[in-house]
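Visitor: Heads up, here are the entries from Swiss-Prot:
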type	residues	note
SIGNAL	1-20	signal peptide
TRANSMEM	97-117	transmembrane segment
TRANSMEM	128-148	transmembrane segment
CARBOHYD	N352	N-linked glycosylation site
CARBOHYD	N365	N-linked glycosylation site
CARBOHYD	N413	N-linked glycosylation site
CARBOHYD	N481	N-linked glycosylation site
DOMAIN	553-679	domain 'G8'
CARBOHYD	N639	N-linked glycosylation site
CARBOHYD	N838	N-linked glycosylation site
CARBOHYD	N979	N-linked glycosylation site
CARBOHYD	N1003	N-linked glycosylation site
CARBOHYD	N1017	N-linked glycosylation site
CARBOHYD	N1253	N-linked glycosylation site
CARBOHYD	N1334	N-linked glycosylation site
Amino acid sequence: MNYFKYFIFVVFLFFTIVKCEQLLGEIEISNKNFAIDASVVDTKINYILDDTIKTPKLIITSIKGDATNINDIITVSEDKSTVTFGDFTELSSSNKLVGFNWISMLIASLLSIGLFATTTTTNKKSSIIILIIGFICLSLMINGIQSISLSDVSVKIEIRVPSNYQFESFKLKLNSGSSNIVGLIANSIEIDSCSMVKDHSITIGQLVVFSSLKVCSSLDIKITNLGLSPSNTIAELKTTRNIDLQFSNGFSGSISIDSPSVTLDPGCTTTISGQTTTGTCNGGSSSKLSISAGNSAIVRNLEITCPIDNSWRVTPASSGPSTNSPSIFTTQPATNFNYGKSNLVFMAQWNNVSLLDGPVENSFNITYVTWSPNSHWLVSKDPSPTLKSGVNYEFSLELLLGQPLGEYTSISNVSIYFFNPKDITNPNGNSRYFQYSNKPPLYMKTFSGANFISNSNFIKTSITFSPTKDIGSAVFALQINRTAALTGPSEISISIKDMKITIPSKSITTPSNILSKDSELLTLPRPSTLLDPQDSSSCTYKQTDLVHWHNPSTWASGFVPLPSSNIILPEGKRVLISPCSISQTEVYKKITIPPTSELVFSDSPMTINVQDIYVQGKLTMGTNTCRYNANINVIFHGNKTTTDTIAQYFGSKGIAVASGGFISVQGKQYHNTWTKLSTTAWTGDYVIYVQDSINWEVGQQVLITTSVYRDESDNQNEVMTIAAIQGKVIQFTKPLRYYHYGGQEYQAEVALLSRRIVFRGDGNGQEQTDSQSFGGHVLVNGEGQFSGIQLIRMGQTNIKARYPLHYHLAGTVKNSYISDCSVTNSYYRCYTIHGTNNVSLVRNVAFDIRGHCYYLEDGVEVDNNIWFNFASYVHPIGKPAGGPSQTGEIFQQSDSLTQPADSAAGCYYITNAYNSLVGNAASGGWSGFAFPNLDKPIGNHRTISIIPSQFPLKEFTGNTAHSSGYYFEEGGSIYVGGNLTFNEATQLLTYNSGRFSRSTYFNGTKKDGNERWMRFNNTKIYLSNRGIQHWGERVEVVGLESHDSIRPSTLFGQAWLSNAIVNGQSGNIVSNQGRNRQGFQFYDTYVQTILSNINFRNFIKDPDSENPESDNRVIISMTHSDVFKPQGISATKQITLTNVASSQVIGHRVVETGSSRYFNFIDWDTSLVPGRTAVGAPTLVGSHQNWWQYDATCSYNNDWLCWVCDKGDKEIASISVLVPGLIESGYTNQEEDSYVGTASLFGNGITNRRSTNITRNAGITGVSNMGWYLWFSTGTPTSINIWVAQVIKNNYLFVAIPYPANTEFSIRCAYRWNNKFNYNFVLANSASEVRNGNGTRYYFDQTHLFIKAVNLALTGNEYFERGGAKVYNVFWEFNIYIEASNKNVQPVNGFYTGIPDTLPSGNL
């Protein structure tokens, strides 16, 4: 125990002595003849280019030893040419202090040990001896601390120099350690690590030597990218080990190599004598290379591949494919879909069993606990392959019993099932309880036999099955049934191997159902079929005034700049880069192109690794008439930073083009860049057929988009590689995993992702770039032309202005475009227009994008052309925006969500609608096309005095969107809504994804006569939630095809939908997952909606629907509210129905709300409600209440739960009866059952009650030119205000209200906005006189007050008309005020109570 205590004290003493790394000091290098003599110390030397300094310097840090001050171990010569490490006996004051501290610590520690020993040891004599020995040791240490032993010292030396700094001479004399020297430039260099016979590893890169290079080491010597002056340079390398030397651009001179193993690249003529190799390289010169290597010598890149003659050009790349396509194969091989532990889950009625690895490859094991159920399921977590009816498929597995066959191990049979996903427990959910509905499976088959009996060998069992109908979206399950009721008292197991479904091989023949057009109704615009004309004589790289990058004379320094330096092109020169000009592996730190300079790339395959390129002048890598055919890779390097390393405000890791600069990067044109299937592609297919001519190539990557609704949670987009291509037929290297629809209704898009010119971030899915989501970026503040580029892993997540391709604050440009490019796997957006106008984005594609893709940033961007582009698989950043009903969800700007609208990331994000969008397609995303509301510009344009949301669409024609809108209940594939604001106080953006309305005007200027409609022309929507979701005041949708969407559109304000096909169910077998489809839902208040010339088709009854609104109906009522009540706001005309049963035409849900009671619309030509006697005449449809049964033409439809009547001379009328303290104006949100009376029809021969309830929420809607009897259960109010909201010109309401006898009245009409329409009612002689009058008289028959409600302020032009149908305006603030008084009857709290509910005469 005592020894353990001593040990603890020794450990304590050790840790008090050990020191950490310590900076000793810095030394400025002012002499270009510089040497370091470190022959007596261990050194770790790093040569670093540092452009933050102007004068070279040494930074010396102690790693080990006693030194704490640079002067203790270093002397510097007076001329500062030599730094020498030495062993000095006189210490600096600081080291003396350290010595004193050490002594003090040692005394304290030894005294503690002595004290400890004397108090814990019974042998006092031995304790005293211990203490004496300690003091002797202390005395020796005190004597020794007067000097430092440099053999125990290790230092780190950083030699920091500015880029392109050149030494006259540079010498290192080294002891043990290591040196990493990159970017050293000198006339002569000498590195000696041999003299001290110590091991010092040496790595050298990017070395430039003009006169002499000498390197000697006892370890390996490795030098990469060595540049020697072409004449009079001597290089001597010596080691007892190995030498690996690589020249940057060859070597010209004599060589002498002494080594038992020599490897030389081509370029030299040599002779060998013993182990000595001598000769000349590249014609020889006065330069000499001498190598002595004890083991081996390797010399690379000896040949001079880059001549410096200005007329020399590398051979340009060919425009032809790198590989000629083989023929499309005639027989497609069979395809297996394998199942195993990773994609199956055990499910049963009880017990939770995990699948474990099996005994052999491709096998898994199931161990049943005691008394498990006799039946269980193996359910696939992946969608099943789609299966064609009538095709023979094979299911097979190999099974091994874990125990001998017995009572509890016997398997009676196995069944395969295909279930509708909604009918069973979700295999990807948390529950393992297998439950399915009473609906039959899509398909099942049982098989049994003797192959389930072996516990010694796997025995294969297979069955052939042939579905009787096509199976689309399905879950595959395998049911295993045992003979015994339970598994018994002991655990048992089985193993399954090679479980799979096999799709048989088939012959490849041209299908008979190839499409000749992509739409039935619409003509979607397509780009020109012509390729851009090319003229090879115009190629910039052929021009004669170019100078070569690799020619030392190009550079003022006389040498080719090193990759690790900040490279600035010489002013006024046009510099040509060829593949041999640059290192293909080293990372170039920064290249700057001054305003008068140009950097031109050759049209030849090359790779340039770079951190930053700053273009103040011009960068040319192809032009519009000379598009490059070479495979050129530009790889951007760098870890995440917010420091501006390119230039101020321009970020890091990319290309920035300054104002006044110009960039042109234009690769081979592939056309079309995207197309569509011309027939459906099935699971297992290798071959697809497309609609358009294409010039794609073998080896390129192709995307086929999803044909399902939710592409984010069920990603069925597939990236394939072309194996063969002939015309419009493409064969892939592997079979398709999913089904991709290509019917007449719509077709999956097929997009080319590959390009010959590639910009990419340096990550590969595993490196730091990917984990930091920090790729490269291209920013253009001047003019820029880009075509034929693929950008991979570009963009920098949540860093503003760091996007793959980005026009940044360039104003109105004259000649800028991005054409036929591809952005894939982007960390932040795809194509951005920011503070820039007149840009063209044409024929581009994008796939797998984080945040908004095509992105117009601040709300000031106008007059841009966005034509024929494609975007797919776009991901919201963070939590996707959801929220209840119309309110949406609010997101605040944060470090993890710099642009809060990225919570609703769309394929196209348009902050100012005054741009041209033609022929684009959007697959996936929160929405396909997003038009957020901005009351002010944001970002750099907050002071611009416009209202972006007031600008109408400049052009929106022929665009397509699908597989989107599902994150939010009210989300749409085209979403005009949401609100983005900037808070001046917090300096943060806020985004609300919900309902925000916009009103649009000419030039964005609000004034009378400037009103403009948001117009969507020839639009196709499919697999969508709301299709077009428009929250605004004015919208026209003309030309629409909607297929397999929950609802084709939700349109607010004055809205017209015309010339459309609305298809509830297409032929896509993976789209029908039991979702409710609605043709159109009429809104419940204050809008004007007209539907005209629409074909509704394939709305099929759902026997399991909960109510009519969820039963695949064509027209749906909105019935959720008593606060919001419809006026006469909806109309239809020229409606046709195809494959729609009569029961499915209208879906009206009967609930006790005003919106349910007052549901109505006008069918202006009886086309939607056929079977009327007055064929072609207008028909009025009203809700379930007989309040709408106004004449003998009315009939009740039991399927629709609505009254249908000939309209005749009637119109929809609406008033608000306002009573102080009972029914107030506005949205008072009273309860739905807050009944205060009834409104009943009277007159016109009506004698029975045809009524509707009045609640405390204002508003009654019914039929005009009828008698409306208003009765209040609380008693008749003494004061009533009737707002005549919608009684159109030449129409009226004959209103009756009961009062006690002898009541007197003061009745007046007032129009808030023009008092010339104000008047007082006068007493008439009869009720009929009132009804037949002009609306200025009243009559009281001692039971009922009669007035005629008309609106004399109307001109007759108060309506919205489109497509031959009208919807009349709501007219604001035209009111009739009734004041009643009675000398005989006193009101109670303003009400005359106890008044009988007596219906006026039916003869009135």
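Just so it is clear, glycine is given a Cβ too, placed from its N, Cα and C backbone atoms.
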Visitor: Using DSSP, tally how many residues of the domain 'G8' (553-679) sit in helix, strand and coil.
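Guide: Secondary-structure composition of the domain 'G8' (553-679): 5 helix, 52 strand, 70 coil.
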Visitor: Over all shown protein chains, what is the count of other CB atoms within 10 A of the CB belonging to N979 (N-linked glycosylation site)?
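Guide: Within a 10 Å radius of the Cβ of N979 (N-linked glycosylation site) lie 22 other Cβ atoms.
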Visitor: Please tell me which one of the glycosylation sites listed here (N352, N481, N639, N1017) sits closest to N1253 (N-linked glycosylation site), measuring Cα to Cα?
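Guide: Answer for the nearest of the glycosylation sites: N1017.
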Visitor: Pop the Cα-Cα gap between N1334 (N-linked glycosylation site) and N352 (N-linked glycosylation site) into the table, whole Å please.
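Guide: About 80 Å separate the Cα atoms of these two residues.
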Visitor: If one measures from the C-alpha of N838 (N-linked glycosylation site) to the C-alpha of N413 (N-linked glycosylation site), what distance in angstrom results, rounded to a whole number?
Guide: 70
Visitor: Just to verify a number: CA distance, N365 (N-linked glycosylation site) to N1003 (N-linked glycosylation site), in angstrom, no decimals.
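Guide: About 70 Å separates the two Cα atoms.
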Visitor: Which one is closest to N1017 (N-linked glycosylation site) in space, judged by CA to CA distance, out of the glycosylation sites N413, N639, N979, N1003?
Guide: N1003
Visitor: Anything within 10 Å of N413 (N-linked glycosylation site)? Look among the glycosylation sites N481, N639, N979, N1003, N1334, comparing CA atoms, and list what you find.
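Guide: So far as Cα distances go, the glycosylation sites lying within 10 Å of N413 (N-linked glycosylation site) are N481.
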Visitor: Cα of N639 (N-linked glycosylation site) to Cα of N979 (N-linked glycosylation site): how many Å, rounded?
Guide: 34
Visitor: Using CB atoms and a 10 A radius, I'd like the single residue among the glycosylation sites N413, N481, N838, N1003 with the highest neighbour count.
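Guide: Answer by Cβ density within 10 Å: N838.
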Visitor: Three states by DSSP: which one describes N1017 (N-linked glycosylation site)?
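Guide: For N1017 (N-linked glycosylation site) - judged by DSSP and reduced to three states - the answer is strand.
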Visitor: Counting all other Cβ atoms within 10 Å across every protein chain shown, which of the glycosylation sites N365, N1253, N1334 scores highest?
Guide: N1253
Visitor: Can you tell me how far the Cα of N1003 (N-linked glycosylation site) sits from the Cα of N979 (N-linked glycosylation site), in Å?
Guide: 20
Visitor: Take the domain 'G8' (553-679) and average the pLDDT across it for me.
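Guide: So the average pLDDT across the domain 'G8' (553-679) works out to 97.
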Visitor: If you count Cβ atoms within 10 Å of the Cβ of N1017 (N-linked glycosylation site), leaving out that atom itself, what do you get?
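Guide: Counting Cβ neighbours of N1017 (N-linked glycosylation site) within 10 Å gives 18.
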